[in-house]
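Data block below; observations after.
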Amino acid sequence: MEICGVIDIKVPAKGRKFGSWKAWKSQWCEVLKNENRMIINIGHSKGNVTSCLAVPNNAITYRIKSRTKAYGFGIFYAGQKEQQPCIFLAGKSETESQKWMKSIRDVLKPPTHTKTTNEYTVSIIDNEHSKAAGLTGLYGTLSVKSEEILVTDPHTGKIKVTLHWTQIQCSYLPLPAVSDDLHRVCTIRTNSKFKAGDGDLELYCTEADELHNKLLSCPRPLPRIATTPLPPTPKDRHTRYDHWTSADSPSTTPPRRLLESRRMSRSEGDLKKFAMQQSAPTLRTAGSQQHLVLVPRCNGLGQKSSSHFLLTSVGLLLATPGYSEPNSMQDLRQIDQHLLSKRLQGIVDEESLDAEGKSEEDEDYEDMLHTNIEQTNDVPPPLPPRQL
């Protein structure tokens, strides 16, 4: 005998030969192993078996949605397009139902692989999100790794499901409705990169609190753009830019907290100031190494500063927020004055050009005006004579 006890049982309508009840009813139930099948004995009390049910070894067990039983599960025949139910059962709590489900699964397929350190035995609590992802009836051994989360089959050791960290938004321990389920359910919230989109995957685990802490503390891989090294800090603050070599570049990736604190882009104004600093390097006496490739202006693109240059390293876009490096405010003021003087000089040049071309434009305008006046003084032709 694998497991026995009093549990709520419901036999489907097509197989109601095992009892006369029409809804859920509390019955005595015994689960036994018999060669290549499982035997379920049902009765009013222990030793008083009124019906017997044979279940093949390829049957599957998973949670169901019931209007009256919050923790119901069913045993279904496998190998069919539409899985036909064999019998429905329901415990008083999630812990009780999962205990019965685990015993039934172990009878159908005895486990051959035991869990090791940092591995957790889990069973999914099926909902609409798990069904949409094709994870109905998922159970096995969960292992948390730095690259991904794996769920392996306890019978064969093969990987059933792989969850990448990029598909996971967070995890939490929900507040249960029954005290027996406290710290027994861990919910993993997926994002839009998951194949079923946003939603919650509820996992039953007797060590749910440890699993949750493991998910929080496990180091996750950084995004590719965040792993770009920061511009190196100069060893000599008086070193000029043309003296930098590849040996000055950092050999290791900066700490995660430093990478996460950096802004991922610069505004157009910051880029414009950055370009002026590179075009006039004598204005800067300190700062990080920068690389710039100038692109000639063409096709009237001079109005956009982003079309004047290309940044050769993503790390240049990941500098300190607002480009607020030390000793840069004075340099930026000088750059602003330089830009203002260039704009004023351009206005003066335009006014001088307008004054030179004014005489020729006035003569052309007077000729056109004189022509229009002569055309308005023309006498219209006489009318034809009247006919009586």
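Here the Cβ of each residue, glycine as well, is placed from N, Cα and C on the backbone.
All TrEMBL annotations are machine predictions without curation.
Straight from TrEMBL, the features:
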type     : residues : note
COMPBIAS : 234-245  : compositional bias 'Basic and acidic residues'
COMPBIAS : 257-269  : compositional bias 'Basic and acidic residues'
COMPBIAS : 350-366  : compositional bias 'Acidic residues'
COMPBIAS : 379-388  : compositional bias 'Pro residues'
DOMAIN   : 1-109    : domain 'PH'
REGION   : 225-269  : region 'Disordered'
REGION   : 350-388  : region 'Disordered'
Looking only at the domain 'PH' (1-109), what is the mean pLDDT?
86
Please work out the helix, strand and coil residue numbers for the compositional bias 'Pro residues' (379-388) from the DSSP assignment.
0 helix, 0 strand, 10 coil
